[in-house]
Amino acid sequence: MYTPPTLFTGTYQFINASECGDHHISVHYCGPIPPRRRVSLHRAVALSFYTDKMYTPPTLFTGTYQFINASECGDHHISVHYCGPIPPRRRVSLHRAVALSFYTDKMYTPPTLFTGTYQFINATEFEVGTPVPNTLCSFVIEASKRKTGFLLSPTYPGIYPKDMVCNYLFQGQPGQRIRLEFRDFDLFFGGPHCPFDWVRVYDGPDNTSAVIGTYCGQQRNLVLYSSDERLLVTFSTLPRAASTQNRGFKGIFEFSESFVKLDFISKHDAEHIRGSECDQKILSKKESTGFVYHPNYPFPYIQKVVCRYFIYGMQDSQNLERVRLEFQNFSIPKGENPKPDSCPDGYLKVYLRGQEATDSYDKHDAELCGEGAPATPEQPAFPPPLLSDGPRLVMVFSSGELQGRGFKAKYTFETEYRVPGTAAPGGECAFTYRSEAKKRGEFNSPRYPSNYPSHTNCTYTLAATPSEQVTVVFDHFKVRADAWNATAGVYSGATCSEDWVEAWWVGREGARVPLGRWCGLATPGPMHSPRGATGLVIALHTDAEAVASGFKARYIFEPAKSIFGDCGGNMSGAEWGVITSPNFPQNYEQPKNGPASRVCNWFVTARPGKRLLLNFEYFAVEGHLTERGCPAAVLRLWYESPGPPLELCGEKAPTDRWQYLSSSNSIRLSFIIADKAVGAMGWRAVWTEVTTAEAGGCGAGADCGGACLPPGAACSGLQHCALMPDTKPTHCGESAVSGASGGLAWWWAVCGGGGGAAALGAWWVRRVRRARGARVRRPPPPPRPPPLARRAPAARLAAPPALPDTV
């Protein structure tokens, strides 16, 4: 065999063009090369061109390397071009020969234009297995012939060729798995989806098998495992004119029976992550539960193994879950003389905040090792139960040098509501807020400000002490109401039938008094539990259809106020009266010096057998009943029993009629002003004791839509009835209009007949005489305001009302 000693290494150098008679110089190497050798060209000096100072075009010439089969030395197919001052990267021939040609169109070139070295390298390292017939670079690697070895791209570490497909089929023995580690990986990167050059790894014998991954660009620490004894690697490069400068890949492979068996994953409702030795993922089936185990369970775990567990709850527009992890068995030895709170050998790291999304595996939430112990009165359980902050929980188990019994843990997917407060232990959407724990805070609909889930029922219980009251103010409210048919101030089951929010007072015996039901954009008004109540209960109901962003509210527990609140009072024993908001006709004001609300309660009681008629002469409270509700201030009116109160805000137009007739002899008004109120003029209402009109009519009293007004009401100067014109009857005297001593019509009815007429005539004469004299002596005094109330007979005065029995 011909093997001259100077054949395997050497240099090549450009020849001066002046010694040749033409403009084309071509240098070729194609000689007697030993079998199983290839040519490696590297460290080439940059091509450059020297001439006079005025003319140095950078692209006047090109140099090319050319790879050809040794039996075809005459074939000078150009594979790549080089020019400019940057040296070409190392090239390795695909076969036994390489040709280098240089072209120029100038008569003179210096002898130092370029130089480089070549080397004949062993080609057997590229033959990683049995060659596949009629292919350029495809092999079958069998475990029966070698269990370990190297895997190289066809011309590594030189620049890989274009327009090429290579397949590497790994075939192991039953029970074996294959480990493939890329120690150098450099392919052209065209984007994350690798559209040009790529390596694709299949978890099986052919390209119909499941894909482990497709890789390009530069990869570091790329280690892959097969799921069984077969693995296919495909290397593909794109046919294109543009040149690339990437070197391909080099890796090592290993067939082994000692890699982790995957039974501990597949038998327990988990899924092996393809390409890993023992990583697994567990996906929620909506509030599902299961167990995770150490590798090789139920036997002691294998040393020097790292497995990751990805436990993912549901997260979409309708669902959000969190993961609860509770250990039933735990034993990971620490070794001898460990430092406190350290795991020098094996460990189990737990990540509760989605750190794996940013590869922040150094920021674990818990690192566990040692011997597990159940909870006792003296100390909690070890490891303690863990709860993820969000839908993902990740564990990383490293077995270390020592062997242990491992662990078994139960995972539970719970619906994540993202609601502050003390959650119910059973995982349902129920939260409690106790004044002993926190005097003020916030609560919200599930997942706020994102949409709440459908088909959900949530309860919020605000529990006050006997000496406290609780105020709730809503700062955001948007609850789905496609079929909202609200009328002004009416919030009931007929108003909201899809998604809604409800609220109740809670009495000492646990009985609930409804406050109302709200939906759409009608924000509930501020709520204040009455004195003697134990708190408030607020509930959210959603159906199985569309959703919305929900609500956000805040609460504050405050010392109990009087039964009337900050203002208000008890009104009884009169036939009529007037109630106004604080400061009317000036604007009411927001609470000062820290309270969450200002509350005024009025209790109005008529004589037994009577009813009450309430007419609003003026009303202006910030808010709008149907467009945005009453978030800053609200007047609640209880006039029908049973049922929730009427909720009022907004502005009453002069032509509107706001008149309400009670179903019993009492009504209650509660005006609540939140700390975020800006103020408005408020309201003025006239209440009147009435009877129900019978077949004979109302007698001496006026008929107001079936309610009979007292006889003297017509001359009181007040608008008792919104259905009647606001004018004084012609028979009313001035004193009667100004509220001197009872109503004129009432006095007439009592005296009756001629005696009444005579007395009335004498009274009128005396009044006219005094009036005439007054005009002479002094200017008239200003008119007195109308009376606020007319007293009923003393024997019929009613006692002040108490709170409803249920509170």
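Placement of Cβ uses the backbone N, Cα and C atoms for every residue, glycine included.
Keep in mind that what you see is a predicted model, and the values were worked out from it rather than measured.
What TrEMBL says about this protein:
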COMPBIAS  779-788  compositional bias 'Pro residues'
COMPBIAS  789-800  compositional bias 'Low complexity'
DOMAIN    137-256  domain 'CUB'
DOMAIN    278-414  domain 'CUB'
DOMAIN    429-558  domain 'CUB'
DOMAIN    567-690  domain 'CUB'
REGION    772-807  region 'Disordered'
TRANSMEM  745-765  transmembrane segment
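The average pLDDT computed over the domain 'CUB' (429-558) stands at 90. Residue counts for the domain 'CUB' (429-558) under DSSP, helix first, then strand, then coil, are 0 helix, 65 strand, 65 coil. Residues in the domain 'CUB' (137-256) partition by DSSP class (helix H, G, I; strand E, B; coil) as 0 helix, 59 strand, 61 coil. Counting residues per DSSP class in helix, strand and coil order gives 0 helix, 67 strand, 57 coil for the domain 'CUB' (567-690).
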